[in-house]
Structures are given as structure tokens and as C-alpha cells.
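Novice: Right, I'll just put the structure down here and ask away after.
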Ligand SMILES: [Mg+2]
Ligand SMILES: [Zn+2]
């Protein structure tokens with residue numbers, strides 16, 4: 001049976017963004033945004049896939065390694081797990097802009113997910129805080145939600161992840 005999926009951008013959705021032109025390079029720099037665990041646990045209860053799709057070109061720029069990113073994600077998943085919140089999978093683009101087909105707004109990360117999981121696209125969402133997230137979600141053909149202070153040209157806009165998830169699960173959209 002295909003299952004709905006919520007694709008989450010990472011920086012600005014799950015955790016506080018690094019300062020402009022910088023990256024989250026180690027776990028000590030990672031800071032969860034409020035109620036992210038609550039929001040993800042709600043999706044888990046409804047058996048909706050939770051995937052992270054994240055651009056991390058700090059790797060291509062030599063500011064961090066793939067191992068650094070993996071280590072951050074190990075800690076992130078472990079911390080969430082302690083709050084009964086499970087991320088089903090994480091897809092990372094470590095490349096420089098214009099050198100691959102996976103960096104959002106391209107949809108390679110979504111296609112990677114689709115190869116491994118049976119996804120019901122008609123009931124799936126992309127949630128992000130930047131224009132590239134919204135463009136990618138649109139290109140992939142799922143409902144798009146922007147969160148944070150800037151409202152992009154997505155289908156919906158909410159203050160934060162938990163608000164967006166409440167709206168999705170409220171049966172208002174999708
Ligand atoms: Mg972001
Ligand atoms: Zn890439």
C-alpha cells in the first residue's frame with residue numbers, strides 16, 4: 001500500500017539555520033526548533049512517511065565532510081527518537097549548485113525516496129523555508145507549504161512545522 005509522505009527541508013524547518021553563508025558543520029551547532037518532535041510524532045502516528053531532503057553544499061565547498069553531516073543526522077534522529085519521533089529516511093545533496101540533479105530545486109532527492117518507498121504522491125507534501133524547497137515540491141508534483149517568516153509562492157504558509165502538520169492532519173488539505 002502506498003503511503004503519504006511529508007518531505008521536510010532541514011535547516012529552518014527542523015533546526016535553526018546557520019548564519020548566512022555558513023553551514024551547520026557539527027552537532028554542537030545544531031539547535032532544534034520548538035515542537036519539531038511533537039509534529040513528527042503526530043505524522044508517525046498516522047503512518048505518514050517522514051523524509052528529510054536537504055541541500056548541504058558546505059560539503060562540496062570543503063567546509064565539512066559527508067561524515068560530519070551523517071554524524072549530525074545520527075544525533076538528530078537519536079534525540080527525536082527519545083521523544084517518540086521517527087524520521088523514516090534522510091536524503092542529502094552534498095554537491096555544488098549546477099553540478100548535479102539532486103540539489104533542490106531539482107527533484108533528485110525525491111526520486112531517490114521514490115525508488116525505496118511506495119509513496120502516495122497525491123496526499124504528500126513538501127515543507128520548507130526557502131524558495132528552492134517550494135520550487136522542488138511543485139516540480140515533483142506534491143502540495144507545497146512554506147513556513148517561517150517569508151511566505152513564498154507555495155500552496156500554503158504557516159508559522160512553523162507543528163502548525164503545518166496540524167493543518168495537514170486536520171483534513172483541511174491533501
Ligand atoms: Mg531551509
Ligand atoms: Zn546533488
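Cβ from N, Cα, C; glycine included.
Remember, it's a predicted structure, so these values are computed and weren't measured experimentally.
Pulled these from TrEMBL:
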BINDING   9, 11, 129  Mg(2+) binding site
ACT_SITE  9  active site, nucleophile
ACT_SITE  11  active site, nucleophile
SITE      54  site 'Stabilizes the phosphoryl group'
BINDING   93, 95, 100, 102  Zn(2+) binding site
SITE      103  site 'Contributes to substrate recognition'
SITE      104  site 'Stabilizes the phosphoryl group'
Novice: If you count CB neighbours within 10 Å, which one among the binding-site residues 9, 11, 129 has the smallest count?
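Specialist: If we count Cβ atoms within 10 Å for the binding-site residues 9, 11, 129, the smallest count is at 11.
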Novice: Specify the nearest of the binding-site residues 9, 11, 93, 129 to residue 103 (site 'Contributes to substrate recognition'), where nearness means the distance between Cα atoms.
Specialist: 93
Novice: Spatially, and counting Cα to Cα, which of the recorded positions is closest to residue 9 (Mg(2+) binding site)? Options: 54, 93, 95, 102, 104.
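Specialist: Sorting the recorded positions by distance from residue 9 (Mg(2+) binding site), the top entry is 54.
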Novice: Give the distance between the Cα atoms of residue 93 (Zn(2+) binding site) and residue 54 (site 'Stabilizes the phosphoryl group'), rounded to the nearest whole Å.
Specialist: 6
Novice: What is the one among the binding-site residues 93, 100, 102 whose Cβ has the most other Cβ atoms less than or equal to 10 Å away?
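Specialist: Max Cβ neighbours within 10 Å, all protein chains included: 93.
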Novice: Taking the mean position of the Cβ atoms of 9, 11, 129 as the Mg(2+) site, which residues outside that list, in the same chain, have a Cβ no more than 8 Å away, listed in sequence order?
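Specialist: Those within range, site residues removed, are 10, 12, 13, 14, 17, 54, 128, 130, 133, 148.
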Novice: What does the structure give for the C-alpha distance between residue 54 (site 'Stabilizes the phosphoryl group') and residue 95 (Zn(2+) binding site)? Integer Å is fine.
Specialist: 11
Novice: Can you give me the residues near the recorded Zn(2+) site, meaning same chain, not 93, 95, 100, 102 themselves, Cβ no more than 8 Å from the center of the site's Cβ atoms?
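Specialist: Apart from the listed residues, the neighbours are 55, 94, 99, 101, 103, 106, 108, 109.
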Novice: Relative to the Cβ position of residue 103 (site 'Contributes to substrate recognition'), how many further Cβ atoms are located within 10 Å?
Specialist: 21
Novice: Given the recorded positions 95, 100, 102, 104, state which is nearest to residue 11 (Mg(2+) binding site) when distance is taken between Cα atoms.
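Specialist: Ranked by Cα distance from residue 11 (Mg(2+) binding site), first place goes to 104.
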Novice: Filtering 54, 95, 104 (recorded positions) by proximity to ligand 2: which pass a Cβ cutoff of under 6 Å to any of its atoms?
Specialist: 95
Novice: Just the recorded positions from 9, 54, 102 whose C-beta lies under 6 Å from any atom of ligand 1, please, or none if there are none.
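Specialist: Those recorded positions that pass the cut-off, since their Cβ is under 6 Å from ligand 1, are 9.
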Novice: I need the CA-to-CA distance for residue 129 (Mg(2+) binding site) versus residue 104 (site 'Stabilizes the phosphoryl group'), whole Å please.
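Specialist: Residue 129 (Mg(2+) binding site) and residue 104 (site 'Stabilizes the phosphoryl group') have their Cα atoms 12 Å apart.
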